């Protein structure tokens, strides 16, 4: 029997292990931040496309999302059929997810008919407290008082946006800013349900199956809804470059967004995803100033400062929290690798 290692060697080994965990955590954090900003830019692009269509009098929110769902179904459905793997989750759960996702997109895109691009971007922060409640109830995620305080600061910024639109409607660039704000809040709640459900699914299943089934059911539901609500609107549209390009831009940006979100959810979770999306407000303000040449109310900048402060308060973690997160995520990655190896053994190429 070998003698136990000296205490110095144990300390060195512990230091190497701790350093490896810290480096791993830093890589994960940096990757999560980078992907979060990427999806934030994509969301800003979809907002810009929706705002352009609304400015041209085109009101077909479900039709905007249809092409995205078709792309998801074709791209990921083809991979799923090639692998010939059975579904790991019952199909009707994907049907429910598809309904929630389609209606969330419909309501938020509809809000661009009534309020400004900046208001839509800022009011997205309402999804954060919704995500926290849902993850706490269904995913058993633990949150400390500091995180709740950070969320409270973000919600304070949301209240400032509503106050600004109510009392400065002449600068809000919308026929009914309050109605638009309420639509965004409802849509954000549905987005929260969708994000939490996707986080649960991506940990039980895989990204290809999730995107393929979401695209399939999303396309079916969108097609039915278009035939009921938007058939006349589509016939009345003059399909020139000014109408086609925003439609295509919206679809491509949403396809990339949907393809990236599962990775962000696996690394950071639904709450940090929604917090990352708040940085799209900065890009929305820049678009409003430089592309539309609009004047931005000063309260928007106060609201953005409040939401930024809330993000910093929420995202701060001490070294123990970082190490615990790294260890848990590392264990999840090992489980995912084992699942991939089993799937490859059962379904060889």
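First residue shown is number 1, and so on along the chain.
Just so it is clear, glycine is given a Cβ too, placed from its N, Cα and C backbone atoms.
Computed from a predicted structure; not experimentally measured.
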TrEMBL annotation (transmembrane segment) - matching range among 178-198, 241-261: 241-261
Range among 121-139, 330-348 that TrEMBL annotates as transmembrane segment: 121-139
Range from 29-54, 91-109, 145-163, 210-229, 298-316 with the greatest count of C-beta pairs under 8 A to the transmembrane segment (66-85): 210-229
